[in-house]
Each structure stands twice: as C-alpha cells, then as structure tokens.
Amino acid sequence: MQESASTCIVSSTLSGARRVVGGHVAEGNGLLGIRNPPLFLEPLQDCLVDEGNDFTLRAVITGSQPISVSWLHNGKVVWYGKSSFIGREAILVVRECLPEDAGAYTCVAENASGKTSSSSAVCVKGNIHTCNTHTQPQNRRSSSATVPPMKIVDPPDLVEVRAGGCARLSCVFKGSIPIVSCWTHNKKEVFEDSRLSIESSSKGSSLVISEAQPEDSGFYTLTARDRNSFAHHTLTLSVIERPQPPSSCPVVCVLSPDSVVLSWSGPCYDGGSALTGYLVEVLSLGPDQTGHWSELSANCKSTSLRVRSGLQPQGQYRFRVRACNAVGVSEPSEESQPIKMDAPGEDEMTEYVNVTIDDKHKVTDHYNVLERLGTGRFGQVFRLTHKVTGHVCAGKFYKGRRTSEREAAKKEITLMNFLHHPKLVQCLAAYNNKPEIVMVMEFIAGGELFERIVDDNFEHTEPTSVGYMCQILQGIEFMHKQSIVHLDLKPENIVCVNRTGTQVKIIDFGLASKLDASSPLRVMYGTPEFVAPEVISYEPVGPATDMWSIGVICYILLSGESPFQGGSDSETLALVTAAEWEFVDESFEDITEQAKDFISSLLHKDTRRRMSCEEALFHSWMVAFKSEQPNTAKNLSKEKMKKFLARQKWKKTGKAMLALKRMSMLTKADNSASLPSSAHEHALKSLEKKMQLKPEFTKSPFDLSVFEDSTAQFFCQIAGYPDPEVVWSREGEPLEESEGSVKIEYEEDGTCVLTLENASLQHSGTYSCRATNIHGEALCSAKLTVVDQEDAMMS
C-alpha cells in the first residue's frame, strides 16, 4: 500500500482555504456567507474486492464552500491510500489491498454550517472476518453514533491446564449480526486439525486443544468483527507440568560448625507454572552412614537457605535441590561438592534483617561510637559497639546536608534489603541522625583481599584465586538475579571475613542501581582502571558492566598488573575505550590457558560477548580447579601485586572524584523520570556532547601568610566536564586528609577548599591543585607562609 495521510486541499469561491489532516481543519482568511451544511448527493457504496487488487470509494457532496473531507477506517483516521476532493466528488483509492483493509469506511464532510458522514463496508475476499456478508448500498449519515460497537464480554486472561489434558479457550462477544471470528497463535492464524477444533457462533467462539502439550503454551488472540467494527482479546494458555531441576548444583558456604548457607540457580523452565518453592536434601558421608538422602527443607521460598540444624561439627555432607510447582516436584539438581563442617568454636553470621530508617532514636541511643575507620565520598565510617550485646559493627555516616545525599543514603538502604547473601556485606540498622543518616553495617575484620594476599605468610596460587573469584561471582550473581548492578567493583571492595580464613565479601553499594527494562540506565562514574567501555561512552549499562570489572580484578589477581593502567587517568580511559590489552608474557608464564580464556571471555568490548555470572561459574577454569588442593599448585609471585597496591595507595592520597550530580537526571540512579522518546534521548545525547570541557580554574587560590597555630584555607573553583579528578599537593607531594590537621572539601559547584589547622612553620611552602579529566588537565598554585608570632611582634 502507498503510505500517505488522507489530506484534502479544498478550493473555494471565497478568499480563504482550509487544509485537513486526519479530520483537523486549518483555516485561511476567514469565512463569509456560508449557509448550506454538507449533504451527500451520492453516498458511499459497499465494495467487494479480491485481496491484492485496488478499490475505490466515491461520494458526491454538496454544500457551501469551503468543505473539508476526511476518511475513517473502523473509526480511526486513514493514513494510507490516496484521497482527493475535486469539485463535489470525494474519492479514496487503496492500492493492492490486504485483508486488514477490510471493514467500515466513513467519509466525513464538514463546513462552518454543519457536519455529516456516509459509511460503507469493504469486503476483501480471502479474509474470513468479512467475506460472508454483503449489504446493499445505503446512506449511513451519522449512523455510527447509534450502532453499538463490537464487544468481547468479560473474557479470561489466563487458561491453565496440565500437560495431556484438554484446553478450552472461550470468549463471548456482542455485536450486530452477521458476526465472524478467528483465532491466532503467536501472530499466525489457527486452523483445525486432529488436535485443534474451533466452535463458533454469533455469540461466541471456543478453541479446543486436546492432549495439550507445553509447546501449545503462549498467547492466543480472538478477533471478532461485525459490519461496523471489530474487537479482539488476547489470553494466555499455560500448559503446566513438573519443573525442570535447578540448573546448578548448590553452592555451600560454611558459617559455623553446624550451620551453612546454600545457594543455587532456579530451573531453566518452571513447567509453565510459578514455582511454589524448593525441596532441599542432604546426604551424610562416611563409613557409618546409610547412603540415603534426607529432607532438610520441604518448602524453601528462595534460591538460598540457611541450615541451622541437622548438621554435625566436622561432619561431611553433600546437598541437592528439587524445584516444586502446582503440578509436582522436579528431579534433583546436580549434587554439591562434598564439604566438611568446621570444628567447634567459630562465630555464626549475623541474622539477615530488612532495614527501615529509625526516626525515633539516634545511633548513640543503641551504639557506642568509637574510632574512625575511614572516609569516602559519602562521609565517614566509625567502629560501633552495641550497648547491650557488645556486638561490633561499622557505622557509615552519610553527610545528609543536601537532599541528594539523603536520597543516596535511602537508596542504598533500600537496595541492601534485596541483597541478603553470605557473600555480600549486610546492613543491620539505619538511623535518621539529622543531618546525617547512619547505616549500621556488618563489621568485616579481615581487610582488603589484595592486602592479605601480599602477606608473606599467606598462600597465593591459581587454585586459591579460583576460590576468591568463585565467591565474588556468587555474590554478584545474586545481585544480578535481583536486577541490581554494583557498578563499582574493584579490589578495595573485596574484603576478607577474618584474618585467618579465605572467605570474602563484597562491600560498598553506594553506586549500585536497580535495573528497569523500560528505562535503560546510563552512568558517568567509576574507577578508571576498572570501569567498562560502555560507561565511558555513555551507553546503557547492565550486568555485563560488572562482568568487565570482574575480568580486570581477575587479571590483577593472577598477574599483579593492571591490564589498562596508563600514565594518567586520561590514558587509562583511552585504553579502556579501545579495549586494548594483552597478556604480558612474563606475568602470565605460569598461568594456565584456562585462566587466560576466563579473562578473555570477560574483557570483550561488546557486552553481548561477555560471560554472565552463571556462565563464569561453570567455566572450565572454575570446574578444573575447584577440587584441586592449593598446596599442590605453584605459588604465584607477589612482587608485582605489592607494586600495584603501592600505586593504588598513592592515587588515593588527597584525591577525590567530584560528584557527577548534573548527570543524575540522565541516569536511573535517581529514578526521577524515564526518557519519553528516542527523540528526547537523542537530544540529551547531543547536549551531553556539547557539555564536554577540559578542566579550567575559574577561581584560583591566593598566597597566604598566617600566624603559627592558626588556620589556613586555600579556595579555588574548577569547571570541566566530565567533572575532574582533583589532587592537592605540597611541594609536589600529595596531601592526605588527617583529623585535626588537613581537611579537603569538594562542593557540587566545583569549589575546592584545602584547610590546614594548627599551622606550623613546617607547613610553609607551595601548594598546588591539579584537576584532570579525559580532555586534559589544569594546575594552579599558591604559597603559604607561616609566621612565628613572637618574631612578628619583635619586628
């Protein structure tokens, strides 16, 4: 069919004219002397046409000019075909008609004195909906307002039947006879065969499927039509059976001598019916055991289970899981690896809790606030002890002075309520400590994983590395199943549970976001060495973004070198964007090809080619090394790892990323609004490009002279986009924040403040501020002179 809107330009004996598009009239110079409303001297005629041929609808209209003419098909504006109105003749021509062109056509004529219409039926041969009837021509002026439209009455939305049973899909409809109908399945028309039969009348239609099979499941649409209109309804047929087994064996995390946490993946197919739970079974190993599986839980509601009873210290066990739905129970999953319980004496993990912010109490009502453990972009972290139990926790104190900071804290708390997993740090409570918001976190005493690895007494082999990567993947897999992405995975956020074991947890969910399929998420934050290419290019992010970061972590874990480390952050980001990296021969000479393939399968620029967590957990590298004893493998060199950690410490000194608040309206992080259309999205991308700017100082610091023991402050203001990375230094040496001495603050408007408290003569010197982003860098300096007060008075 030729595509064009039904538009008529109507000539007139007066000076004005109107253009009509879809029934809307644009006036010219004004109308004078109009007296007669439109009238159909010759109304439209019904039409019977073979599919693929052309048809023409024609009417003769009289009345005072100008007259606007528009065409409707089943009550909707006609945007195809070719229409014209010359003299008094209105014509619509449709070329090479299709079955969907059949139905009721209406010609609407209107001028300043009135409006009228004429309708006719077009029947396309081969279309079962309309080819059974043909009516005599008649004038249908204004009749469409009085004829009730076709209607399907109270149709079902879901029909559920067990495999092998009989499925009956039935709908009742109302309309003007004659009425015809048909069924479609997955956009294809359904015809009767040995298993399918259709029972239709003027009041309803039923599709009957005998011996229903799972492949019969899907969407079925009934379309019913009378002479004037049509109606349709789509329902879902679910042919249900027992679910398939869970797709992975249970992963076991030992918490105490008689307690474990099991986690597993759900079945690939739920049998067509929602899962009602999981049945968890255990097999006790040993010469005195019966070899029979026993039930641990008959109705576990999630894909993880904490087992608190039935296990013995130092006992050996295997576990397996079955999936359940309304039909029955699946075959068992693969069995877990044998595990041996710990000896008595170890502490159990904290209970999982769903946290809401306590507005009635302060954190100090329940906890003692002890020494500061660290600082970050959000605020500070302190060690806490519970006043009643003495339990040690970590308190994350969000600044909360701005609405955006408080919303960020609330968002992190909300997300962490979805992250109850033994490999993810837990939020235990939260307080509205105005202006701060305090998150009480699980205290992790073991320190950063990479710091532990370089310890001379700590074993570092390829099998132990597999153990760490497996734990990281288990935690991130759980996050991804909740549609949550971390977006800041790096070695600093992988910590050891204690100082003797090899169990790790993932921390810091301040940049994490929940994904929404209807609104792609784009972000402009991350750590250059670990950020994925799609973040830098401002493309949609997702689970694959975390997988890139995991690939970088694995590369460093095995080699001690960073695959994208450049001479500056700008160079690093350029290497990431190009996805340029290689296996350095010297660093990987003792590493297996399986490990290299694992890394290569993650560091693909194309997100579609990266492994998912589930695929990574079943990679041959993981499978081959899970059962190998670490003490049988060759120790890996730690020297390059030590150099990497030293470089990371230097980079963290006196450095901060200015918050990309201006990006919040473009990302899902604030959930403010989704982009309404691709046009708007294109416009936002265009503006994003125009905003790009290398750093520059709009305000520079001044030279200062202060007395000893007083406070000195340097102020500057920085412009640039993306927001620059800022480093303060004294005589070329980076400055680090220290309580009661050096304080560094960064504001949303680009203002940077360096505060030196209790200034001493040793503080004198040249202070520099360096700002860097992907487009370049800028540097400004000022001198500080600290004067001895007694010398000044004497002079």
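Backbone N, Cα and C atoms are what each Cβ position is placed from, and that goes for glycine too.
Quick caveat, the model's predicted, so the values are computed rather than measured.
Residues annotated as domain 'Ig-like' in TrEMBL: 37-123 (among others). Mean predicted confidence for the domain 'Ig-like' (37-123): the pLDDT average there is 89.
Feature annotation from TrEMBL assigns domain 'Ig-like' to 148-238 (among others).
The domain 'Fibronectin type-III' annotation in TrEMBL covers 242-344. Taken through DSSP, the domain 'Fibronectin type-III' (242-344) splits into 0 helix, 45 strand, 58 coil.
Under the heading domain 'Protein kinase', TrEMBL lists 367-622.
DSSP assigns Lys396 (ATP binding site) to a strand in the three-state reduction. Taken from TrEMBL, the feature ATP binding site applies to Lys396.
Feature annotation from TrEMBL assigns domain 'Ig-like' to 695-785 (among others).
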Provide the number of Cβ atoms within 10 Å of the Cβ of Lys396 (ATP binding site), excluding the reference atom itself. 27
Based on DSSP, tally up the residues of the domain 'Ig-like' (695-785) by helix, strand and coil. 3 helix, 58 strand, 30 coil
